[in-house]
């Protein structure tokens, strides 16, 4: 979506004036006027165990239970019907956390995915496939074997369960999306460069974002304590990374998705990540659907679209409009304007709005800015304007010429959308290495000094970011000549042993990269911009507890081969 999409969507909308004294950012209404909560959970008496689920997500579950007629009660309380625990929880650990010798009579121990599915379907669903296995020593009679249990689960139940994992997970202490372009940094030393984003190369857990990487929503999981690599998914062609992006489906529902994208962007700039994710899931599902949606029932049948979303789809079909668009807070276009400043994330944009700022001129004259934000504001228009491919080529050649003046054997490759063959680029990422594995050392500082002396580098955003053996520079460049714009440039120097994985990482789209990492994880492997490792040990929450063994990957083709994937040319990684 165009970075200024919301501003374009509402150029003449009359503003709704909020109480000027309010310091709380207005939120999009949770439900339409006159809409009443349904009590379809009235028979539920639940206790939510927060361990593993996380406080924020547990509180969301509890709020939804009460809102829809259910009751919250202690685990040992009379009449408790369901005890909800984290996906990776086993029976004995649950009892220890609850400080109970055994489950209360009539209580069922269920995974949080069951409650997510109930909330998604707006009904109490069967717990088959969601119950925590109870060891036979805790039973008065033998429990059916796992094979018997699996045989009793209707086909498709596991897939439905895995789809529900897109419900809000506990907010992580750091983002679980792949490392993004720098957004905020208090100084030019290496550190998290956004108040909303940070990275160490590989996500610590496969999250809702990873699940978006699967077209079908299919996501194999492993049992606790299973350190053996999981088998590859039965149908690899359901993974984004297994398909060429040239085969993207035609969007038969553009008239619907373009309106939902405005809402998704509005939620995103307001910091409502989970609701934005829900809309993104529905938008992706609609874009992949093989025909135009024509009815409520048809919308409900699409995986990833619930009843409430289906109602919005039908409203658009019947009226050509979505009433929620009329209720978008007046803060949203301003927040989008502010968050487009390089160095300012969602939190900073909200802070500025709460301080009374409403324009870039307000920010320029009144806000306290970091060095990076001041640079981002100075080049605001240039950074938002995508550069033609020819300009990106000139930038790559300028860096290459300067590097090879020190050593003619250095390899310099522009990655990102440029390497994927796009006609325009937002910025340029240049990878530098040397085949001998040694001569790249010491080139980083000398190259930057040379480019500064030429006047090619005009501003430093992050002068040096150490990432293992990789060194990364984030800055601003401008080609010589009248009318040239300032452009974002990243220069990354990597050892040759990591070059293939770095090339793969900095070339693929965010969606493609998430899919590759998620697939690697299902195989007991780990993929980052540094290496592909096997025999990686993870705990029940998906966090690595053993680094595994690094596999040799001389070329990108080796990475695809080791993951059991057909090789995809850079132009086919543009999901």
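Placement of Cβ uses the backbone N, Cα and C atoms for every residue, glycine included.
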For the Mn(2+) site, Swiss-Prot lists 427, 429; sort out which one of 326, 362, 490, 558 goes with them.
490
Which one of 106-145, 466-505 shows up in Swiss-Prot as region 'DNA-binding'?
466-505
Write down the single range among 345-348, 349-352, 353-356 that appears in Swiss-Prot as region 'DNA-binding'.
345-348
Where does the mean pLDDT land for the region 'DNA-binding' (466-505)?
95
Please work out which residue of 427, 429, 490 has the most C-beta neighbours within 10 angstroms of its C-beta, and give that one of the binding-site residues.
429
Residue 429 (Mn(2+) binding site) to residue 312 (active site, schiff-base intermediate with DNA): how many Å between their Cα atoms?
40
Based on DSSP, name the secondary structure state of residue 427 (Mn(2+) binding site): helix, strand or coil.
coil
Expressed to the nearest Å, what is the distance separating residue 427 (Mn(2+) binding site) and residue 312 (active site, schiff-base intermediate with DNA) at their Cα atoms?
36
Neighbour count (Cβ, 10 Å) for residue 312 (active site, schiff-base intermediate with DNA):
21
Measure from the CA atom of residue 312 (active site, schiff-base intermediate with DNA) to the CA atom of residue 490 (Mn(2+) binding site) and give the result in Å, rounded to a whole number.
41
